[in-house]
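**Student:** One structure follows; several queries about it will come next.
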Amino acid sequence: MAFLALESHLLVPTALEMKPFQCSQCDKDFPNKKHLTNHMRIHTGEKTEKPYLCSKCEKAFKKYSDFTRHMRIHTGEKPYQCSQCIKAFTEKRALTRHMRIHTGEKPYQCSYCDKVFTQNIHLKTHTRTHTGEKPYKCIHCDKVFSDTCTLTRHARIHTGKKPYQCSHCDKAFTRNSNLKKHIWVHTGVKPYNCSQCDKAFICISTLTQHMMIHTGEKPYHCSYCDKVFRLNSDLTNHMRIHTGDKPEKPYICSKCQKAFKDNSHFTRHMRIHTGEKPYQCSQCEKAFTEKIALTRHMRIHTGEKPYQCSQCDKAFKLKSHLMQHMLIHIGDSVQKE
């Protein structure tokens with residue numbers, strides 16, 4: 001649940017910038033009262049249950065080993081190196097889990113079926129498919145979920161958060177899988193091939209629609225006349241002949257049938273198909289389809305990092321990178337996911 005709370009917290013821009021808790025003994029200020037209380041012990045000399053205090057973000061720890069492990073977040077140290085690949089980790093248990101990718105070991109066996117898993121957390125999540133247990137409740141509505149990942153994705157319906165940002169344009173997505181599909185638009189990768197001709201497509205749904213050309217299937221029937229259509233969008237457009245309705249999105253792409261409310265969005269979209277990149281970098285040969293993508297790119301040359309972490313001194317070029325970094329400060333609760 002800490003993960004969800006942080007997600008909501010990140011949506012308020014001022015929460016990342018403000019540090020309203022001021023130390024009365026020095027000029028330091030802090031994002032919350034707990035961090036200020038920990039800091040005040042430096043001045044008062046008060047002993048604490050958690051004597052190991054991080055100088056970067058004011059987190060306190062009972063054990064020196066936990067403190068040492070936490071400090072690697074700030075230093076970037078990853079002392080546990082995989083012997084099979086180039087990956088390295090801050091904790092030994094993370095390396096142990098990773099090694100199972102290479103060894104194929106799956107020590108966690110489901111007691112209801114024959115499935116096995118590399119991690120205990122994956123077994124627990126799977127077991128709930130048998131028991132029906134859904135312990136994670138949405139704080140915005142009455143929906144419940146079997147795992148925190150699904151809850152987190154669902155919460156974005158309420159919060160509007162889209163953490164997966166395209167590096168080529170200003171589009172953002174609630175799921176990483178949707179971002180990966182979108183990236184293919186820019187890279188030109190088309191993994192779904194038609195078995196009847198040499199055409200290829202970015203999405204399997206587009207391939208399915210295309211296959212109807214070969215099969216002759218037209219599943220969408222007009223209720224006013226005997227016309228039939230391959231695409232629902234074609235039927236919707238046709239229905240306006242009978243109803244007289246004006247289209248909500250009058251600008252329709254002839255390449256992929258996407259429709260847009262205004263001409264500016266339509267023009268921007270068409271650059272995906274034409275390959276036009278009117279926004280040229282003045283420092284290198286790169287060019288972009290949108291001005292916002294050029295603005296982000298220019299930070300590589302200027303070194304500007306406008307997105308500052310409120311928990312430590314790190315700063316980032318992109319807001320999406322800051323949001324990913326903020327998850328580090330949650331600690332083990334996120335790592336277990």
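Along the chain as shown, residues are numbered 1 onward.
Every residue gets a Cβ built from N, Cα and C, even glycine.
Below, the features straight out of TrEMBL:
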- 21-48: domain 'C2H2-type' (DOMAIN)
- 52-79: domain 'C2H2-type' (DOMAIN)
- 80-107: domain 'C2H2-type' (DOMAIN)
- 108-135: domain 'C2H2-type' (DOMAIN)
- 136-163: domain 'C2H2-type' (DOMAIN)
- 164-191: domain 'C2H2-type' (DOMAIN)
- 192-219: domain 'C2H2-type' (DOMAIN)
- 220-247: domain 'C2H2-type' (DOMAIN)
- 251-278: domain 'C2H2-type' (DOMAIN)
- 279-306: domain 'C2H2-type' (DOMAIN)
- 307-334: domain 'C2H2-type' (DOMAIN)
**Student:** Under an 8 Å Cβ to Cβ limit, what residues of the same chain, 6 or more beyond the ends of the domain 'C2H2-type' (251-278), are close to it?
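**Tutor:** Same-chain contacts beyond the ends: 185-186, 206, 231, 233-234, 237, 287-290.
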**Student:** Out of 80-107, 108-135, 220-247, 279-306, which stretch touches the domain 'C2H2-type' (164-191) the most, going by CB pairs under 8 Å?
**Tutor:** 279-306
**Student:** Taking 3+ C-beta pairs under 8 angstroms (sequence gap of 6 or more) as contact, is the domain 'C2H2-type' (307-334) in contact with the domain 'C2H2-type' (52-79)?
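**Tutor:** Yes, these stretches are in contact.
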**Student:** Other than its close neighbours in sequence, what residues sit by the domain 'C2H2-type' (279-306), given a CB gap under 8 Å and a spacing of at least six beyond its ends?
**Tutor:** 167-170, 268, 271-272, 315-318
**Student:** Using a Cβ cut-off of under 8 Å, list the residues of the same chain at least 6 residues beyond the domain 'C2H2-type' (192-219) that approach it.
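**Tutor:** Counting only partners 6 or more residues beyond its ends, the domain 'C2H2-type' (192-219) has Cβ contacts under 8 Å with 181, 184-185, 228-231, 256.
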**Student:** Helix, strand, coil: count each for the residues of the domain 'C2H2-type' (220-247), based on DSSP.
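**Tutor:** Summed by class, the stretch gives 12 helix, 4 strand, 12 coil.
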